[in-house]
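Peer 1: Pulled these from Swiss-Prot:
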type     : residues : note
TRANSMEM : 70-93    : transmembrane segment
TRANSMEM : 156-179  : transmembrane segment
TRANSMEM : 195-219  : transmembrane segment
TRANSMEM : 291-309  : transmembrane segment
TRANSMEM : 346-369  : transmembrane segment
TRANSMEM : 385-411  : transmembrane segment
TRANSMEM : 433-455  : transmembrane segment
TRANSMEM : 531-549  : transmembrane segment
BINDING  : 573, 582 : [4Fe-4S] cluster binding site
TRANSMEM : 589-610  : transmembrane segment
TRANSMEM : 664-686  : transmembrane segment
BINDING  : 675      : chlorophyll a' binding site
BINDING  : 683, 691 : chlorophyll a binding site
TRANSMEM : 724-744  : transmembrane segment
């Protein structure tokens with residue numbers, strides 16, 4: 001008798017050839033919807049086509065099919081990202097002054113775009129130094145390339161080609177995993193396995209390989225660059241990787257190889273894995289040895305985290321158990337049922353991810369200037385301002401997106417019959433208390449924060465400076481913020497005994513880092529002016545949250561419309577005969593939330609731009625005297641509304657308004673054009689649908705008279721469509737106006 005070990009059961013996780021590849025179907029607009037596929041009767045058709053093309057919920061109710069479409073779309077997204085990156089690297093290789101910038105980053109500006117002379121627009125090619133004429137870029141790519149050890153344009157070409165290959169690969173993967181081997185629903189819902197791969201694979205091994213690259217390639221190359229060695233003389237990356245003696249000349253402990261690691265004598269590696277804090281005085285960036293150490297530590301943490309969850313072997317945590325154990329004395333059933341929500345509603349899952357990623361993006365914005373990670377980034381003021389502004393906007397949009405998808409989850413995926421007394425149910429049951437308290441907080445913050453400014457404007461207008469809230473009259477010092485600053489400034493040698501400097505120069509301590517006569521960073525003083533504007537931040541953020549949270553908590557029902565869930569995520573009003581029920585859909589809350597998000601982020605980036613020009617950025621003389629760009633006027637000017645208008649908006653707009661005839665003139669045109677786009681939005685936002693329908697009908701009459709009427713009937717935009725077009729142009733116009741204003745200013749004076 002032969003005893004066989006039991007055959008392992010192989011779980012089949014994919015379906016083969018589930019959907020045939022049909023070019024005929026792809027070529028047919030609206031193939032995903034019976035109604036839209038019929039073709040246009042009226043012009044509303046094109047709007048519905050765009051609104052529903054990616055609303056996979058509306059194509060089918062089969063969760064597996066929806067999951068596959070989302071998964072496939074992700075590969076398409078990655079393909080576009082690789083294509084974009086490839087373009088950036090190609091521009092660096094083909095059209096840029098990267099090699100010149102590398103040899104003298106303090107006197108030469110980064111440029112990767114040279115305008116062709118067609119109608120005289122070669123005026124835009126400004127002199128960026130070193131005899132190169134082009135458009136100055138503010139994306140920070142040059143600084144990243146230097147930090148990663150790229151020393152010539154051939155390397156950029158190779159990376160660009162590599163990214164193109166990856167883009168093609170991603171496109172193929174998107175097709176393959178929808179049409180050839182599509183994962184089953186069980187695969188999408190296997191969260192423990194997903195966590196293992198994402199934590200240990202993406203974040204763990206990703207960080208480890210980046211740390212390895214930094215140690216073996218970036219550090220030695222940057223060491224040579226910092227010492228002033230000509231980039232052409234520096235050995236190439238593969239020489240450092242293959243030849244240990246080369247590295248040992250720079251870092252002697254390399255000669256010992258892995259012995260110190262296995263004998264636990266890790267301090268030997270302290271040459272290239274440091275814990276210094278502060279900035280490298282040569283480049284004004286974080287110490288690259290600190291960054292390598294950081295990525296190694298992060299890699300270890302995530303590799304451990306990736307092994308915490310129970311998959312094929314019966315050990316480790318189960319997500320469902322963790323969530324169901326999560327309850328306290330006041331939280332009823334706690335998170336019971338949350339596991340089922342997050343594995344069956346991708347909107348709920350996406351909502352959490354957007355909220356966290358949005359918050360993280362805003363954290364990134366604040367770290368990019370306070371702990372500038374790349375060499376010569378801190379002294380490139382245009383790039384610093386651009387990176388801060390960009391990450392703030394992106395974070396704001398992601399957080400509004402979180403509320404949007406939370407509301408879609410509530411309308412489409414929430415099942416009240418199966419939820420009782422878990423945390424979500426308890427939040428919904430006392431939503432009135434939450435919203436009314438939040439509303440009170442908004443009113444309090446609004447009146448008090450704005451009231452402080454109005455007081456100051458009034459006192460200033462009446463010529464009574466001694467009665468103003470300011471650092472020289474009635475002081476309102478931000479004592480808690482100053483306490484946090486001091487705690488961090490004193491950390492080295494106290495709470496962080498191993499560090500030689502604090503995490504950021506902004507905390508205080510008197511250090512100043514200047515590179516090539518320009519200030520990289522110095523301690524940022526906070527005073528009454530910051531106290532005032534921070535309360536405006538609190539106000540705008542709370543109002544944004546009020547609108548978005550109300551939209552989520554009242555997405556399914558309200559006293560006004562008890563059956564709101566039946567009307568869907570977006571609807572204009574609750575039908576005829578019910579006046580006063582317009583603008584109550586969850587979609588309308590997202591619409592309104594976007595405007596307040598725009599308010600909130602605008603105040604933040606204005607605060608940052610002016611504060612940095614006034615108190616941080618500037619030049620330093622040989623005697624060590626710092627001259628700031630706006631001479632420290634923030635503390636006294638920004639404490640009145642009039643000061644913001646006069647000394648920030650008007651005074652700093654002079655560069656963009658006077659840019660005609662110079663290399664910055666494109667910003668002047670954009671400033672004008674984007675104002676126009678913004679104003680155009682008001683035509684959609686302050687208009688009634690009937691007005692346009694009447695107008696359209698008389699225009700159609702004229703076309704009929706001339707026998708040129710189209711077969712597709714023109715229709716005025718629906719209320720929701722009009723609002724969507726309006727808010728899009730409002731945000732686009734506002735953001736582009738700000739962009740032109742900031743860049744013309746900072747490129748001219750920075």
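Cβ atoms here come from the backbone N, Cα and C positions, even for glycine.
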Peer 1: Applying the under-8 angstroms CB criterion, which one of 70-93, 531-549, 724-744 scores highest with the transmembrane segment (156-179)?
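Peer 2: If we count Cβ pairs closer than 8 Å to the transmembrane segment (156-179), 70-93 scores highest.
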Peer 1: Residue list, the transmembrane segment (433-455) vs rest of chain: Cβ under 8 Å, 6 or more residues beyond ends.
Peer 2: 427, 468-469, 476, 532, 535-536, 538-539, 542-543, 545-546, 549-550, 553-554, 639-641
Peer 1: Measuring CB to CB from residue 573 ([4Fe-4S] cluster binding site), give everything in the same chain under 8 Å that is also at least six residues away in sequence.
Peer 2: 581, 582, 583, 584, 719
Peer 1: Using a Cβ-Cβ cut-off of under 8 Å, list the residues of the same chain that are 6+ residues beyond the ends of the transmembrane segment (531-549) and lie near it.
Peer 2: 399-400, 403, 434-435, 438-439, 441-442, 445-446, 448-450, 452-453, 456, 469, 476-478, 481, 589-590, 592-593, 596-597, 599-600, 603-604, 607, 638-639
Peer 1: Just to verify a number: CA distance, residue 683 (chlorophyll a binding site) to residue 675 (chlorophyll a' binding site), in angstrom, no decimals.
Peer 2: 13
Peer 1: Please state whether DSSP places residue 573 ([4Fe-4S] cluster binding site) in a helix, a strand or coil.
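Peer 2: DSSP assigns residue 573 ([4Fe-4S] cluster binding site) to coil.
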Peer 1: Between residue 675 (chlorophyll a' binding site) and residue 691 (chlorophyll a binding site), find the distance joining the two CA atoms and give it rounded to the nearest Å.
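Peer 2: One finds 25 Å between the Cα atoms of these residues.
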Peer 1: Rank 195-219, 291-309, 385-411, 664-686 by Cβ pairs under 8 Å to the transmembrane segment (724-744) and hand me the top one.
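Peer 2: Out of the listed stretches, 664-686 contacts the transmembrane segment (724-744) most.
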Peer 1: Under an 8 Å Cβ to Cβ limit, what residues of the same chain, 6 or more beyond the ends of the transmembrane segment (195-219), are close to it?
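Peer 2: For the transmembrane segment (195-219), the list is 147-149, 237, 240-241, 247, 250-251, 272-273, 288-289, 291-292, 295-296, 298-299, 302-303, 305-309, 311, 319.
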Peer 1: Which of 291-309, 589-610, 664-686 shares the most C-beta pairs under 8 angstroms with the transmembrane segment (385-411)?
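Peer 2: Ranking 291-309, 589-610, 664-686 by Cβ pairs under 8 Å to the transmembrane segment (385-411) puts 589-610 first.
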Peer 1: Which sequence positions outside the transmembrane segment (589-610), separated from its termini by at least 6 residues, show Cβ-Cβ distances below 8 Å to it?
Peer 2: 369, 385, 388-389, 392-393, 396-397, 399-400, 403-404, 407, 530, 533, 536-537, 540-541, 543-544, 547-548, 550-552, 583, 630, 634, 638, 644, 648, 652, 723-724, 727, 730-731, 734, 738, 742, 746
Peer 1: Within 10 angstroms of the C-beta of residue 582 ([4Fe-4S] cluster binding site), what count of other C-beta atoms is obtained when all protein chains are considered?
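Peer 2: I count 13 other Cβ atoms within 10 Å of it.
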